[in-house]
Amino acid sequence: MSRVSQARNLGKYFLLIDNMLVVLGFFVVFPLISIRFVDQMGWAAVMVGIALGLRQFIQQGLGIFGGAIADRFGAKPMIVTGMLMRAAGFATMGIAHEPWLLWFSCFLSGLGGTLFDPPRSALVVKLIRPEQRGRFFSLLMMQDSAGAVIGALLGSWLLQYDFRLVCATGAILFILCALFNAWLLPAWKLSTVRTPVREGMRRVMSDKRFVTYVLTLAGYYMLAVQVMLMLPIMVNDIAGSPAAVKWMYAIEACLSLTLLYPIARWSEKRFRLEHRLMAGLLVMSLSMIPIGMVGNLQQLFTLICAFYIGSVIAEPARETLSASLADARARGSYMGFSRLGLAIGGAIGYIGGGWLFDMGKALAQPELPWMMLGIIGFITFLALGWQFSHKRTPRRMLEPGA
């Protein structure tokens, strides 16, 4: 086995272990933020939505800067620094009793993510061969789902005692992850050339096809982020207990572990990437619309199942399509900019979703936020269809598994 092949194989295992630690640390804390501050402390949902939206926008909106810096200086220092900064954010969150302190903790957490997320994504593109990326992204998503359940279960159990224990556990996991990267991650360069920061950013911004694709995904993310805000609140409201939230993530884990990899393997040779993304988005949009009209957990969990199935179809295709469009000369910059859609969509989804949720309650129209999200999903579906029409899209992008 050549040294390059050996490095790729070892790199896969490193990425999987690193991803599990990050997912556990994140999901111990974030799914419980809305439960803690809305249900237990009585804050308005929009106040928590601002905090979550701020974290999302800082982490993803500034991702191009984190990616460009990583292109220049390498992945390791950015990843280690970012993970320690997120740990500090979680520690601050544990003592948050005023909105401004929660916002500050989410700012720190998001800034840490800005530093470590783009270089981690670029390492996947660097180490995984193009023909294997779709399946590897599916494996990462399966890990995400399993880690989400384990993290949510652990966080829910700790929340019975003290929210500070929840935040301390998340902080410790990110400190362990920082030490893991500091010890084992080689000083790899992300790009094929040592790209100056401004050059990497210029290369991305001049790629109109990539920019259009990323901005279009903002609508997709407005729906996707509700698993952190409105869906947990809805489950808690109907069940009457935050303990039921863990079953929401258990559903996601079961569906992901059983369907993600088989669907990715089956569809990658039969359907184009953008068609898989659009099909998943359509299922997600259709499942959102009736949520505000359900009256029991069985109906709600059925719709959540449909939503997660749409995500299972869409997510591997979205990640693979983003990676396939990245220029190898500026991988970090491209993967950083690819998060801008999540920054915009996530911020609007959190803040707007929280505002609409409060408004729906005030007007006695609980279906209002869910109907709006469904409409946004349909508009995004049409926009993607227009962008990837045969007349507009180069043939190479449209091939299955491209």
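Each position is counted from 1, following the chain as shown.
In case you wondered, yes, glycine gets a Cβ from its N, Cα and C as well.
The following features are taken from Swiss-Prot:
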type	residues	note
TOPO_DOM	1-12	topological domain 'Cytoplasmic'
TRANSMEM	13-33	transmembrane segment
TOPO_DOM	34-98	topological domain 'Periplasmic'
TRANSMEM	99-116	transmembrane segment
TOPO_DOM	117-138	topological domain 'Cytoplasmic'
TRANSMEM	139-159	transmembrane segment
TOPO_DOM	160-164	topological domain 'Periplasmic'
TRANSMEM	165-185	transmembrane segment
TOPO_DOM	186-213	topological domain 'Cytoplasmic'
TRANSMEM	214-234	transmembrane segment
TOPO_DOM	235-243	topological domain 'Periplasmic'
TRANSMEM	244-264	transmembrane segment
TOPO_DOM	265-276	topological domain 'Cytoplasmic'
TRANSMEM	277-297	transmembrane segment
TRANSMEM	300-320	transmembrane segment
TOPO_DOM	321-339	topological domain 'Cytoplasmic'
TRANSMEM	340-360	transmembrane segment
TOPO_DOM	361-367	topological domain 'Periplasmic'
TRANSMEM	368-388	transmembrane segment
TOPO_DOM	389-402	topological domain 'Cytoplasmic'
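Against the transmembrane segment (244-264), stretch 300-320 has more CB pairs under 8 A than any other of 13-33, 99-116, 277-297, 300-320. Of the two recorded stretches, the transmembrane segment (139-159) does not lie close to the transmembrane segment (214-234), with fewer than three CB pairs under 8 Å once pairs fewer than 6 apart in sequence are set aside. Across the topological domain 'Periplasmic' (361-367), DSSP assigns 2 helix, 0 strand, 5 coil. Mapped onto DSSP classes, the topological domain 'Periplasmic' (160-164) shows 2 helix, 0 strand, 3 coil. When each of the listed stretches 13-33, 165-185, 214-234, 277-297, 300-320 is scored by C-beta pairs under 8 angstroms to the transmembrane segment (368-388), 277-297 comes out highest.
Beyond the transmembrane segment (13-33), the same-chain residues lying 6 or more positions past its ends with a Cβ under 8 Å from any Cβ of the stretch are 48, 51-52, 83, 86, 90, 93, 102, 120, 123-124, 127, 139-140, 143-144, 147-148, 150-152, 154-156, 158-159, 163, 166-167, 169-171, 173-174, 176-177, 180-181, 184-185, 227-228, 232, 242, 245, 249. Residues 133-134, 137-138, 141, 217, 220, 223-224, 231, 234-235, 238, 247-248, 251-252, 255-256, 259-260, 263-264, 267, 273-274, 276-277, 279-288, 290-291, 294, 401 of the same chain lie 6 or more positions beyond the ends of the transmembrane segment (300-320) yet place their CB under 8 Å from a CB of it. Across the topological domain 'Periplasmic' (34-98), the DSSP tally of helix, strand and coil residues reads 54 helix, 0 strand, 11 coil. Remote same-chain residues near the transmembrane segment (277-297) are listed as 220, 223-224, 226, 234-235, 238-239, 244, 271, 303-304, 306-307, 309-315, 317-318, 321, 360, 365-371, 373-374, 376-378, 380-381, 384-385, 388 (criterion: CB distance under 8 Å, separation of at least six residues from the stretch ends).
Remark: secondary structure over the topological domain 'Cytoplasmic' (265-276) totals 8 helix, 0 strand, 4 coil, with classes taken from DSSP.
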